[in-house]
Amino acid sequence: MKFLDEAKVYIRSGDGGNGCVAFRREKFIEFGGPNGGNGGRGGDVVVEAADGLNTLIDYRYQQHFKAQKGVNGMGSDRHGANGKDIVLKVPVGTQIIDEDKETLLHDFTKVGERFVLAEGGNGGFGNAHFKSSTNRAPRHANPGLPGEERWIWLRLKLIADAGLVGLPNAGKSTFLSKVSAAKPKIADYPFTTLHPQLGVVNSDGREFVLADIPGLIEGAHEGAGLGDRFLGHVERCRVLLHLIDATCEHAGKAYKTVRGELEAYADTLTDKIEIVALNKIDAVEPDELKKQKDRLKRAAKKTPLLISGVTGAGVPEALRALAAVIGEAPVSDKAIGTAQNAADAKPWAPQDV
C-alpha cells in the first residue's frame, strides 16, 4: 500500500429540508387547519479514527465529501427525514488542520474517536408550527438552513513509541529489519527509505513500536534532500534512537548536523530523551572506532552505544535502553491542542415568526 501522510479535502454538510405549507383537505370540512410538516435536518460530516489504517492514500483519489440533504416536510403533518451523516475514516495519529495549514482543529489519538467537523443545517418549520390563536391559517414556512462547507487538511503523524533518526545511510533500515519483522528497502545509496516505516519490537518480553524516518541532511528544514516533512512522525515518539555511521568522516559533525535539523524543525524534538549509538562498528578498524567514539562522545556529551545492525552486536543493549525509557514515560490520552468540537456549540434554529 502506498504511503500518504497529507491530503487536502473538501467537505460539506447537508442542507436542512424546507418546511411545507399545506392545509387539511377533507370532505365536509371547509376550512381545514394548517398541517405542513417540518423539514429534516441535514447530515453531519464526521471524522473517525479507525483501526488498521496507516496511510491517507484513499484521499488522493477522492477529495470531495458531501453529507445528505434533509428531506422536505410534507402535508398531513409529515416531517422530513434527517439526512445521513458521512463518516471519513482516518488512521490514529491524524490531525485535522484548517485550510490555512496553521489552525489545529482536532488530533486523533485513540481508535474509535469521533469528531463532528461540520454540522448539517437545521430543517425549516412547516406552517403548522406557526398556528396560534391569532393566526389560524399561517401561509408561510421556513426554508431549511444551508450546511457548512470548507476545505481542510488531513495530516498523519504516525504513533510510535520510539523513533530512529540519523543521516542517510546510517543503517536505520538495517537496524529496523534486524529487530522487527518489518521489511524496509535496504541498499548502499542515500535516501533508500522514502517513507516512514514501522516495526513492532520485542525486547525481553516487552513490545513497542519503532519508526524508521527517512534520513536527514544539512538544510533539510529548508527543503534539502527529502526535507523535514517526515519529522512530524517522530513528534509523538517518547524516545529517539540516534544512529551515527562509524564509517563517516566525522561522527561528531554527523551528530550535530542531525541535532541542528531537529532543533530547526521543533524545539520539542531536542527536548526528547535521546539514545545515541555508533552503528556499523563491524566495518571499521579498532583504532578508527575509538576515534569516532571519542568524537561522538564529545559532541553528544554522553557515552554512545556501540552497535552493528548487520552482526547484531550491541543491538539487545540498545533495545533494552529504549524499552526502559518507554516503560517509564507517561502516556497521555489527551489530544494535543484540540479546538472546541463543533458539536459543543448550540446549533442555530429557525425563529418563530
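Each Cβ is built from the backbone N, Cα and C atoms, and glycine gets one as well.
Annotated features, as they stand in Swiss-Prot:
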type    : residues                                    : note
DOMAIN  : 1-159                                       : domain 'Obg'
DOMAIN  : 160-327                                     : domain 'OBG-type G'
BINDING : 166-173, 191-195, 212-215, 279-282, 308-310 : GTP binding site
BINDING : Ser173, Thr193                              : Mg(2+) binding site
I need the most crowded of these binding-site residues: Asn169, Ser173, Ser308. Count other C-beta atoms within 10 angstroms of each C-beta and give me the top one.
Ser173
Among all protein chains shown, how many Cβ atoms are found within 10 Å of the Cβ of Lys172 (GTP binding site), not counting that one?
31
So if I draw a 10 Å sphere around the Cβ of Pro214 (GTP binding site), how many other Cβ atoms end up inside it?
25
If you count Cβ atoms within 10 Å of each one, which of the binding-site residues Gly166, Lys280 comes out on top?
Gly166
In terms of Cα spacing, which of the binding-site residues Gly166, Pro214, Lys280, Ser308 are within 10 angstroms of Ser173 (Mg(2+) binding site)?
Pro214
In three-state DSSP terms, the structure that Gly166 (GTP binding site) belongs to:
coil
